[in-house]
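Enquirer: Below you'll find the structure I mean.
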């Protein structure tokens with residue numbers, strides 16, 4: 001609740017005299033802290049829909065006037081309620097309401113230890129939630145690649161080419177791309193849990209028609225729809241991790257969570273290979289359905305993590321329990337779904353086309369991602385057709401990539417020290433976003449090393465099999481470093497626009513990831529595995545300058561971004577207002593009540609918060 005000056009109910013001159021008394025030093029500090037906190041909360045609240053990795057519950061200590069502190073849990077007594085509507089009444093118009101509201105009835109976290117705040121969940125429950133989120137994301141991406149193990153059986157059963165069968169993978173990745181843009185805003189409007197549960201239900205249901213399909217068209221259509229539903233884990237899981245983990249511990253949490261989504265594509269061919277070999281390709285779908293059922297159960301067990309939704313429910317509960325409609329929170333107002341979808345669909349495309357940072361990073365990550373998914377078609381050619389491995393054993397060839405992935409995650413402390421060794425921004429005390437690119441530079445070198453190594457050891461079959469599998473370690477380690485730290489770079493560069501930047505990046509990389517496997521069979525049959533791998537490796541070598549250029553000149557490039565300049569200007573304006581307000585510390589209760597304090601939202605053109613008498 002908001003702090004208010006001391007007063008007693010009544011209309012006498014004595015009351016006015018009491019209201020004109022100067023606050024004590026503690027009360028002045030309380031008022032200033034409240035103003036600063038309210039401004040910070042409003043900025044964070046308005047940016048929740050835009051920040052992919054920085055979505056977080058607003059942690060604030062509720063400031064309560066000394067007269068209110070004696071009421072136990074801080075709820076208004078009838079006497080204080082009357083006071084708030086007389087000499088001390090104020091009207092606040094916020095982005096979270098449709099009309100005027102009393103700040104004394106604003107609902108927020110009770111204090112820093114409020115058990116409803118996801119940041120205050122127990123360590124055991126928080127760890128369980130991260131494990132659940134990692135597993136759920138793993139299931140979604142695992143279903144994309146486990147399908148590749150059955151391409152030859154599907155092609156034979158339906159009498160079509162394996163290239164046509166690969167369309168099932170292509171459209172699945174396109175579904176993930178489209179769904180990431182479409183589904184993400186739904187979780188911010190209706191809450192993480194209901195959207196996640198509903199999406200996992202749809203995802204599981206869509207597997208059934210694929211498992212019993214009698215034509216390729218059925219497989220493509222229902223895999224595409226299932227991917228759109230399942231994409232909610234791709235787009236929302238990082239935000240859910242941020243919902244429950246404070247910023248200072250978030251790097252480790254993201255590394256643990258990423259074990260699932262990064263290793264899912266690798267586990268897909270391993271599990272799918274053995275299941276398809278002994279039970280057939282349809283059973284690979286049934287196994288995915290079983291795994292998806294467990295993921296659905298995990299989604300049901302988890303509590304809601306999104307702070308705005310929790311606070312809206314808390315305000316609604318108070319209105320019901322007290323039979324008082326004045327309880328409100330700043331998130332009560334919901335942006336119409338049409339407007340939210342329009343913004344979420346248009347801004348990522350605009351940034352992908354007009355922003356130099358997005359253009360080059362989307363291109364680079366798209367190529368890396370596309371070549372990774374091309375491997376899920378190339379590896380079976382090399383290990384099954386050339387080396388004669390069985391369907392199940394050939395899936396084990398992906399263990400090299402998986403080991404490389406885990407090594408990069410295990411090296412997170414090393415990468416963190418490398419990043420923190422860079423020059424710090426004097427204004428924030430944090431490293432510049434370009435520090436993240438130093439880790440990408442390492443990954444950009446490891447990827448072509450692994451690709452070229454694989455190209456010239458995969459064939460002929462006389463070369464010992466550990467050689468090409470070991471190449472996957474470098475390839476997997478490089479890919480993981482590029483994916484994790486390039487996402488961090490985009491996040492820290494674009495701030496409140498990070499969600500749009502990442503959504504555009506996801507769209508481009510998924511399109512390239514879906515297209516590249518289509519050319520794998522033709523390319524490997526035409527050029528052979530050696531020169532096909534060499535061509536891909538040289539393409540990756542040609543892309544190495546991109547991260548190095550941004551590492552060295554990224555600051556100058558960022559200053560040319562329209563979105564980043566706009567964000568920085570608003571941050572400076574917000575900081576100036578905060579400094580001006582801090583300079584005026586000695587104010588009376590009447591000045592606090594009658595004055596007009598305007599807080600400008602950090603996003604240009606965003607909503608304003610005004611405190612009016």
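Including glycine, each Cβ sits where the backbone N, Cα and C put it.
Automated prediction, rather than curation, is the source of TrEMBL annotations.
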Enquirer: State the residue range annotated as transmembrane segment by TrEMBL; the candidates are 64-85, 86-107, 218-239, 240-261.
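Expert: In TrEMBL, the transmembrane segment feature sits at 218-239.
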Enquirer: Of the ranges 44-63, 164-183, 304-323, which one does TrEMBL flag as transmembrane segment?
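Expert: TrEMBL lists transmembrane segment for residues 164-183.
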Enquirer: Between 1-52, 365-416, I'd like to know which one TrEMBL lists as region 'Disordered'.
Expert: 1-52
Enquirer: For the feature transmembrane segment as recorded in TrEMBL, pick the matching range from 327-346, 467-486.
Expert: 467-486
Enquirer: Any contact between the transmembrane segment (349-382) and the transmembrane segment (388-410)? By contact I mean 3+ C-beta pairs closer than 8 Å, pairs at least 6 apart along the chain.
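Expert: Between the transmembrane segment (388-410) and the transmembrane segment (349-382), which are separate recorded stretches, there is contact, as judged by 3 or more close Cβ pairs.
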Enquirer: Mind pulling out the one from 195-212, 218-239, 507-525, 531-551 with the most Cβ pairs under 8 angstroms to the transmembrane segment (281-302)?
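Expert: Counting Cβ pairs under 8 Å, the winner is 195-212.
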Enquirer: With a cut-off of 8 Å between Cβ atoms, can you find at least three pairs linking the transmembrane segment (218-239) to the transmembrane segment (195-212)? Only pairs 6 or more residues apart in sequence count.
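Expert: Per Cβ check, the transmembrane segment (218-239) touches the transmembrane segment (195-212).
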Enquirer: Checking distant contacts: for the transmembrane segment (431-455), what same-chain residues at least six beyond its ends satisfy Cβ-Cβ under 8 A?
Expert: 368, 371, 404, 408, 415, 418-420, 422-425, 467-468, 470-482, 484-486, 488-489, 492-493, 529-534, 536-538, 540-541, 543-544, 546-548, 550-552, 554-555, 558
Enquirer: Quick one: find which recorded stretch in 123-144, 195-212, 388-410, 531-551 has the most Cβ pairs under 8 Å with the transmembrane segment (164-183).
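Expert: Maximum Cβ contact count belongs to 123-144.
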Enquirer: Six or more residues out from either end of the transmembrane segment (531-551), which same-chain residues have a Cβ under 8 Å from its Cβ atoms?
Expert: 357, 360-361, 363-364, 367-368, 371, 374, 378, 434, 437-438, 440-441, 444-445, 447-448, 451-452, 454-456, 458, 482, 486, 489, 523-524, 557
Enquirer: For the transmembrane segment (123-144), find every same-chain residue at least 6 residues outside the stretch whose CB is under 8 Å from a CB in it, and list them.
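Expert: Hits for the transmembrane segment (123-144): 169, 172-173, 176, 196, 200, 203, 207, 226-227, 230-231, 233-234, 237, 240-241, 244-245, 253, 256-261, 263-265, 267-268, 271, 288, 291-292, 294-295, 298-299, 301-302, 305.
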Enquirer: Counting only residues 6 or more past its boundaries, what in the same chain has a CB within less than 8 Å of a CB in the transmembrane segment (388-410)?
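Expert: Distant Cβ neighbours of the transmembrane segment (388-410) are 149, 255-256, 258-259, 262-263, 266-267, 269-274, 276-278, 375, 379-380, 382, 443, 450, 461, 468-481, 484.
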